[in-house]
Amino acid sequence: MHELPVTQSIVSIASEEANKNNVKVVKEIRIKVGRLTGLMPSCIQYYFDIISKGTVVEGAILDIEKLPIRIRCGSCGKESVIDMNSYSCSFCSSNDIKIIGGNEFYIESLEVE
């Protein structure tokens, strides 16, 4: 259910940016979503279709890219991408890791007419 307020923010931010720049139509909104956020693109799309009605972003394509979980190992110092089931270094198998990516959420860009 946390997709609803997130989607409201997407519509609000994109609409504000469009209005500031005298844009009448937003064609596409590119969004980056880290895997650790737990956000589901299908739910964001569902809410977007409802919330965007009557706004400058109505009908815009949502291009949602899921970003991987990235870590830095405290033992060997290397960075790698891991999946949700393995929280250890891909190089040395150490559990001394720091998550450095995967919890992001941001609008990367808007394509407008």
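Each Cβ is built from the backbone N, Cα and C atoms, and glycine gets one as well.
Positions annotated as Ni(2+) binding site by TrEMBL: HIS2. Marked as Zn(2+) binding site by TrEMBL: CYS73, CYS76, CYS89, CYS92.
Within 8 A of the CB centroid of the Zn(2+) site residues CYS73, CYS76, CYS89, CYS92, the other residues of that chain are GLY74, SER75, GLY77, LYS78, SER80, SER90, PHE91, SER93, SER94, ASP96, ILE97. Rounded to a whole number, the C-alpha distance linking CYS76 (Zn(2+) binding site) with HIS2 (Ni(2+) binding site) is 36 angstrom. Distance between Cα atoms for CYS92 (Zn(2+) binding site) and HIS2 (Ni(2+) binding site): 36 Å, as a whole number. When the binding-site residues CYS73, CYS76, CYS92 are compared by the number of other C-beta atoms lying within 10 angstroms of their own C-beta, CYS92 comes out lowest.
Within the set of binding-site residues (HIS2, CYS89), the lowest number of other Cβ atoms found within 10 Å of a Cβ is recorded at HIS2.
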